[in-house]
Amino acid sequence: MASQPPFKTNFCSIFGSSFPNSTSESNTNTSTIQTSGIKLPVIDLSHLTSGEEVKRKRCVKQMVAAAKEWGFFQIVNHGIPKDVFEMMLLEEKKLFDQPFSVKVRERFSDLSKNSYRWGNPSATSPAQYSVSEAFHIILSEVSRISDDRNNLRTIVETYVQEIARVAQMICEILGKQVNVSSEYFENIFELENSFLRLNKYHPSVFGSEVFGLVPHTDTSFLTILSQDQIGGLELENNGQWISVKPCLEALTVNIGDMFQALSNGVYQSVRHRVISPANIERMSIAFFVCPYLETEIDCFGYPKKYRRFSFREYKEQSEHDVKETGDKVGLSRFLI
């Protein structure tokens with residue numbers, strides 16, 4: 001049985017028309033252009049624990065500068081064993097290789113309803129359609145993964161333990177530079193509301209360059225991405241879309257909306273997108289650091305750019321905007 005979702009059939013049932021010729025035509029929210037690829041700042045985390053103060057300070061300075069200028073950076077020597085990524089990728093492939101009819105079943109592998117997602121049910125125009133599928137796994141539900149996928153559950157738990165350690169270190173370093181105490185992040189790293197998103201981007205089924213993931217910012221505090229070497233991630237910088245060159249054995253880190261608000265706009269939550277590969281599949285695993293729904297986000301710094309709001313309020317507003325317009329308006333809703 002086929003594992004790939006019926007993208008063409010689904011698209012035509014929604015829009016009843018042919019797909020735009022290219023992403024440059026379909027991206028109605030910006031007049032930006034495609035540019036050649038860049039290599040994001042690469043930060044060696046081993047310098048934080050090397051015992052050499054000069055290297056540690058330089059590492060922190062590089063991280064802060066990247067978070068301010070790009071909202072993205074890559075990290076190497078993070079201490080996560082290579083086999084953890086290899087085992088996680090293997091389990092990810094097993095999940096996506098299941099027949100489509102099995103993946104869409106309610107409570108597949110005892111994951112919560114709507115954990116499996118594909119296309120873009122919120123799309124209000126052809127420009128907002130995505131040729132991808134994903135498993136959205138909230139960390140508080142990992143222990144519920146069915147016994148027939150015991151290996152998946154064990155490996156996800158190991159992966160989360162490792163990636164969360166790195167995420168907490170980065171959050172505390174960046175937070176300290178904008179006067180946020182490390183205690184602020186303690187409840188966040190109970191990880192009840194954080195989640196993994198396993199992504200599979202399919203080669204274009206429309207005969208043109210299309211989105212694997214439409215332009216957006218992340219709602220999280222921080223996102224850490226493990227990806228293959230296929231490429232396709234692009235970020236918006238100074239009015240241009242820039243393709244990001246994968247760096248072997250590096251993790252990609254990006255600032256989310258919550259950290260931009262908390263830092264009073266010092267750190268940048270940057271719009272990014274994924275272009276579907278031309279003739280090969282692309283896989284990635286994203287870890288999103290999110291607070292409890294009732295966590296209050298209040299800017300550190302004056303004059304404050306954003307009013308105080310809860311994570312629940314932000315999520316509900318974003319979901320409403322997506323339903324109404326197909327796009328998340330984001331932090332501009334909360335400007336003072």
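Easy rule for this one: first residue shown is 1, then count along the chain.
Backbone N, Cα and C define each Cβ position, glycine as well.
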Residue from H202, H272 that Swiss-Prot also lists as binding Fe cation with H216, D218: H272
Cβ-based isolation winner (fewest other Cβ atoms within 10 Å) among the recorded positions H216, H272, R282: H216
Residues of the domain 'Fe2OG dioxygenase' (191-291) by DSSP state, where helix covers H, G and I: 6 helix, 46 strand, 49 coil
Listed in sequence order, residues with CB under 8 A of D218 (Fe cation binding site) and six or more positions away: N254, G256, D257, S269, F288
Distance, R282 (active site) to H216 (Fe cation binding site) (CA atoms, angstrom): 19
Per-residue pLDDT averaged over the domain 'Fe2OG dioxygenase' (191-291), given as an integer: 89
Fe cation site shell beyond H216, D218, H272, criterion: Cβ within 8 Å of Cβ centroid: L213, P215, T217, T223, N254, S269, V270, R271, R273
